[in-house]
Amino acid sequence: MKFIVVSFILGILMSCNQSSTTSIEESSQQQSIRDLLELPAHISAPAVPEYNPLTAEKIALGRFLFYDKNLSANQTQSCSSCHFQALAFSDAVETPFGSTGHQLTRNSQSLSNVVYHSTFTWSNNGFLELEDQLNVPIRADNPIELGVTDPHIDDVLARFDSDPDYVKMFTAAFPDSETGASINKVIFSLASFLRTMISADSAYDQYLLGDTTALTEQQKWGFSLFNGEKFECFHCHTGINFSVSYRDSNTTEGTIQYPFFNNGLYNVDGQGSYPAEDQGLYDLTLDLADRGMFRPQSLRNIELTAPYMHDGSIATLREVIEHYARGGRLIENGPNAGDGNLSPLKSGLILPFVATDEEIDAVIAFLESLTDYKFINNPKFSDPFEE
């Protein structure tokens, strides 16, 4: 019976707003992207902006830049300093430090399937392309990550222009532009590389493609609970990428969702506020109703990406589930004390429920089925300087 229920749920999920390629005829451009990225049949081709078409040359350059500490102003960090392949390109710390030693306020997100999000970063409704978002870690001065602020741009680019190998790669990646490195070329190449980071070969994927033995009975039960009206995980974590923040090359403008939710993680003043250093979408909109609003993350490889939440303040998947089962987190002491269950800004989807240890174990087991071991060991994403 559990198998029948799970099979029914799979059919429903595959027919929701996140498209699969089994029922949609692809254009030649989509097929070209599919071939370049070697996508499996159940994954749609990602959306790629016309101004930055995917090429093998830009992807290759982006991979080198991703791992190169020369991309930081003081040459101490690279993108990979906060995004480790073995951890699905997360970093296992609550919040990382930038290249100048400044501690950031947000947890490093996994880059698994980052191309399929409809917005980028934890809570910015204006970053609709990777090219927009990449300016932040590279160029921002508050907080500083790589620190390539205006006074440092020329020095950083000169490092690449003085390296014969990089000169060749930039020329190959951008044959129709002026020679030499530029910030835009760096960003376009990194965005191209990030778009290749597609995770789609987990046990769950194998089950989706017809291998009924790929999931254990416990995992199948966990998937049913995940999509049931008690746990209700599926409201925010649905479809092939397990997030309602989703788009692909088949998604039309009118159907793209740009979701942000307050999940009751904090309620520091009894009015729904989050700690002053990071109030989510509110920090951009200054709309009081947006306090504590953050984007639902993809659950792909979630087993590997602890700690959890936007600030890394929950250590384990069990604690995450217990947080939701309570209807919000209770912090009894300290500057952030408050009862998230009582937050007036909390999403109406976050309601208390009673879960047994066996049910929680089953949901965790299902979440572990989303781990893609081929992805975290794929040489296409590895450090090229170690080859």
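Glycine is treated like the rest: Cβ placed from N, Cα and C.
Keep in mind that what you see is a predicted model, and the values were worked out from it rather than measured.
These features come from TrEMBL:
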BINDING   Cys79, Cys82, His83  heme c 1 binding site
DOMAIN    217-371  domain 'Cytochrome c'
BINDING   Cys233, Cys236, His237  heme c 2 binding site
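Sequence features, as recorded in TrEMBL, placed on the structure.
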residue: Cys79; record: heme c 1 binding site; contacts (Cβ under 8 Å, 6+ apart): Leu65, Phe66, Tyr67, Leu71, Pro137, Leu146, Leu190
residue: Cys82; record: heme c 1 binding site; contacts (Cβ under 8 Å, 6+ apart): Asp91, Pro96, Ser108, Glu145
residue: His83; record: heme c 1 binding site; contacts (Cβ under 8 Å, 6+ apart): Phe66, Phe89, Ser90, Asp91, Ser108, Ser110, Leu111
residue: Cys233; record: heme c 2 binding site; contacts (Cβ under 8 Å, 6+ apart): Phe226, Asn227, Tyr324, Val363
residue: Cys236; record: heme c 2 binding site; contacts (Cβ under 8 Å, 6+ apart): Ser243, Val244, Pro259, Phe261, Pro296, Leu349
residue: His237; record: heme c 2 binding site; contacts (Cβ under 8 Å, 6+ apart): Phe226, Ser243, Val244, Pro296, Ser298, Leu299
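In three-state terms derived from DSSP, Cys79 (heme c 1 binding site) belongs to a helical segment.
Confidence over the domain 'Cytochrome c' (217-371), given as mean pLDDT on the 0 to 100 scale, stands at 97.
Neighbouring residues of the recorded heme c 1 site, listed in sequence order and excluding Cys79, Cys82, His83, comprise Phe66, Ser78, Ser80, Ser81, Phe84, Phe89, Asp91, Ser108, Leu111, Pro137 (Cβ within 8 Å of the Cβ centroid). Apart from Cys233, Cys236, His237, the residues listed for heme c 2, the same chain places the Cβ atoms of Phe226, Glu232, Phe234, His235, Thr238, Phe242, Ser243, Val244, Pro296, Leu299 within 8 Å of the centroid of those Cβ atoms.
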